[in-house]
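Enquirer: As listed in Swiss-Prot for this protein:
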type	residues	note
ACT_SITE	187	active site, proton donor
BINDING	66, 157, 288	[4Fe-4S] cluster binding site
BINDING	96, 185, 317, 318, 319, 379	dimethylallyl diphosphate binding site
BINDING	96, 185, 317, 318, 319, 379	isopentenyl diphosphate binding site
BINDING	96, 185, 250, 317, 318, 319, 379	(2E)-4-hydroxy-3-methylbut-2-enyl diphosphate binding site
């Protein structure tokens, strides 16, 4: 499929909208009431530090809702206001935050049901309204909805669209897109659908495996087994790694994406020559500004003398996991939670480890005076961060009375 031509056709359709419906002012008031926080603004005004009792909170200087998330959520609210009685569907979670997605359900925005491993688009009728989330949707899903005559509201983050444009450039010049990301993540599923030949690498270790194969060759069947779910149909590592371009899931660790890009640049230099490099390697900057800002702020925060970190965000949020990774690498006790309810009465907390396991830790708040670092993923409202901070203050104050 000529994905570029399809996008152009879709975007000129009268059933397509990616600019909203003119209800920004009304929606802004509603969003501020539901998601913003006076306490968080107070902490910002106090140089991102707040002390109460034995607890000092240090807040990262960039955290929470990014511009792309705010835009997506606002457009979803506008859509319901503009279509008060219509059936509204959404292809995936609008963002990776449980409280926001719960709010979507309360507004009667329904998820496309899944039958087996596939979405059942048969439930969507002609004239229904369908929201594409901030992560985007695959070109195949867009085509199904377009062919059905649905009203499509596209909230895809512009940074994600930028990555799509990059892999389309790779496809045009017959390069394989090496995508740094998680092959199951909605964003990477969408990005790969716009690519021609592609290979998805999770981390630097997998990238090194691919680089070694480019230089030395290897066991083709082992390679294809390793990346069976992370490559394009018919992928042949002996043929399709001669010319490669780098792209990324926008929420991955910036430093790792840069290292992967440099690794493949060095690999192609070694395999070919400096003169031939531009015929075998392409790299464009597709690192999201908001992701980079939050990671940089986290790197600055962990330089302080912290007793522990609390990282707030959806358990399926990739950018939140990357923030947790930074604390883990600094050996700071760190707790990834998605809602304030994970902090239990007494002194226990239910939290997600980097391996995905959900565990409960007792006595997680040390005795005496403590400094707690706080950050949140790009899909986390300030109101959720406020609730967590207030709960920490309350638990610590109760413990002091015992």
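Glycine too: its Cβ is placed from the backbone N, Cα and C atoms.
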Enquirer: Identify, in sequence order, the residues in the chain of the residue listed as 'active site, proton donor' that are 6 or more apart from it along the sequence and have a CB within less than 8 Å of its CB; answer 'none' if there are none.
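Expert: In sequence order, 135, 136, 160, 181, 249, 250, 251, 318 meet the Cβ cut-off.
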Enquirer: So, three-state DSSP: helix, strand or coil for residue 157 ([4Fe-4S] cluster binding site)?
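Expert: Coil, per DSSP.
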Enquirer: At a 10 Å cut-off from the C-beta of residue 318 (dimethylallyl diphosphate binding site), count the other C-beta atoms across all protein chains.
Expert: 25
Enquirer: How many whole Å apart are the CA atoms of residue 288 ([4Fe-4S] cluster binding site) and residue 319 (dimethylallyl diphosphate binding site)?
Expert: 11
Enquirer: To test your reading of the dimethylallyl diphosphate site: which residues beyond 96, 185, 317, 318, 319, 379, same chain only, put their Cβ within 8 Å of the Cβ centroid of those residues?
Expert: 95, 251, 313, 314, 316, 320, 321, 377, 378
Enquirer: An 8 Å radius from the center of the 66, 157, 288 Cβ atoms defines the neighbourhood of the [4Fe-4S] cluster site; name the other residues of that chain inside it, in order.
Expert: 67, 68, 69, 134, 158, 159, 160, 250, 251, 289, 290, 291, 378
Enquirer: In terms of DSSP three-state secondary structure, what is the assignment for residue 318 (dimethylallyl diphosphate binding site)?
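Expert: Helix, per DSSP.
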Enquirer: Which one is closest to residue 66 ([4Fe-4S] cluster binding site) in space, judged by CA to CA distance, out of the binding-site residues 96, 317, 379?
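Expert: For residue 66 ([4Fe-4S] cluster binding site), the spatially nearest of the binding-site residues is 379.
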Enquirer: For the dimethylallyl diphosphate site as recorded (96, 185, 317, 318, 319, 379), determine the largest distance between any two Cα atoms, in Å, rounded to the nearest integer.
Expert: 15
Enquirer: Which residues, sitting 6 or more apart from residue 319 (dimethylallyl diphosphate binding site) on the same chain, put a CB under 8 Å from its CB?
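Expert: Same-chain residues close to residue 319 (dimethylallyl diphosphate binding site) (Cβ under 8 Å, separated by 6 or more) are 251, 291, 294, 313, 377, 378, 379.
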Enquirer: If one measures from the C-alpha of residue 157 ([4Fe-4S] cluster binding site) to the C-alpha of residue 185 (dimethylallyl diphosphate binding site), what distance in angstrom results, rounded to a whole number?
Expert: 15
Enquirer: For the binding-site residues 96, 185, which one has the sparsest Cβ surroundings, going by other Cβ atoms within 10 Å?
Expert: 185
